[in-house]
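S.K.: I'd like to ask you about the structure that follows.
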């Protein structure tokens, strides 16, 4: 890690910090996503019922009234307010996260992954505490935005993912990296399914604070694990200032430093492909709960929890599908198959007016998440071992930008098209997915130059 130290000569390494055990990073991702999925649909439903109460709208809708397709102007205003406040939270998180993710991710290349994991865990913990205050004390909704901003300042879930994926890249070989990344994403899915079922039962009586208390307990355990049990994967660590432009420069240099053209071209185009994938995934996720709450579906908390669990299931089925398909297909063609099923699922959502059709759409997404671990593994092979943190912090930035675009497009488009075609945002999502499909096909055709397949594992 030459050039990282503050003084010339051989860098001064930090002494190895004693930990209770040398735990892997997967439990952190599992616990973090468990807490987030537990809170996500609950926050949307809380906003819905909070605005319903403020506007005098009867939120307890019956099945027979849901079959009536006439538009209630008050219900439409509730949907619009819920969608817009979701947008405000995501925009606030992005604007702060754009600065903090790049700073903290590149910093972790020097000081190790643990400090970033601890900071991100504390940020998620703080956000949950503020959410509890809002629900318990009936505070202004703006405090939810404040919690989102404070969480982003400390790294947020995207920073935790950046450190986690970089940690996997630190210890995995080029051959096993794709499946290790998929395994990490599978932890996200299993945690999401479990949290969805538990969240549905906790919300039976619409006591919104209960899931937040459980999330607080989970995040407390996660923070302690990150601080005392995680086994550091960066072997040579050097004391480095946090607030310095060097960290941002190291991220920019990944894309602009003079290097063999093909390597940097692939870096940029794969980043674009994963940007579109995340935009579609997060955009659809943002409006699905709202789509299911309103007519003609009118799902209750139990059905929403089942739908949220089905939304997480592709993390697990994609891991199994990837493992099986790798025996007979190259990674790129596995990704193309996943994109086809993703497109089909979005098209079914667009025209779903009954519950069985919605679950058919969820079923078609069973291979939809093979794409992102494949792209992450390909990107990881394009940079040096000492640049893994910078790379995944750049991807965290891409994730934040995708979240902003997803919120801006889908949360604005959804209320705007309620009177025309309610499922139009899902049709747009299906169309956008052709972009990564085309990009990956082009890059695969041009991907046979051996010198860019793998850097040495040692710096």
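Cβ from N, Cα, C; glycine included.
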S.K.: Taking residue 140 first and then residue 442, would you say Swiss-Prot puts both of them on the same side of the membrane?
M.R.: no
S.K.: Which residue range, 48-73, 178-203, is the one Swiss-Prot calls transmembrane segment?
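M.R.: Residues 178-203 are the ones Swiss-Prot records as transmembrane segment.
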S.K.: Based on DSSP, tally up the residues of the topological domain 'Cytoplasmic' (326-331) by helix, strand and coil.
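M.R.: The topological domain 'Cytoplasmic' (326-331) comes out at 1 helix, 0 strand, 5 coil.
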S.K.: Given the binding-site residues 156, 185, 281, find the one whose Cα is closest in space to the Cα of residue 298 (disulfide bond).
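M.R.: Closest by Cα: 281.
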S.K.: State the count of C-beta atoms found within 10 angstroms of the C-beta of residue 58 (N-linked glycosylation site), not counting that atom itself.
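M.R.: Excluding its own Cβ, residue 58 (N-linked glycosylation site) sees 12 Cβ atoms within 10 Å.
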S.K.: Would the transmembrane segment (267-289) count as touching the transmembrane segment (423-441), i.e. at least 3 C-beta pairs under 8 angstroms with sequence separation of 6+?
M.R.: yes
S.K.: Whole-number Å only: compute the distance from the Cα of residue 185 (H(+) binding site) to the Cα of residue 58 (N-linked glycosylation site).
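M.R.: About 39 Å separate the Cα atoms of these two residues.
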S.K.: Counting only other Cβ atoms and using a 10 Å cut-off, which of the binding-site residues 156, 185 scores lowest?
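M.R.: Each of the binding-site residues 156, 185 was scored by Cβ atoms within 10 Å; lowest is 185.
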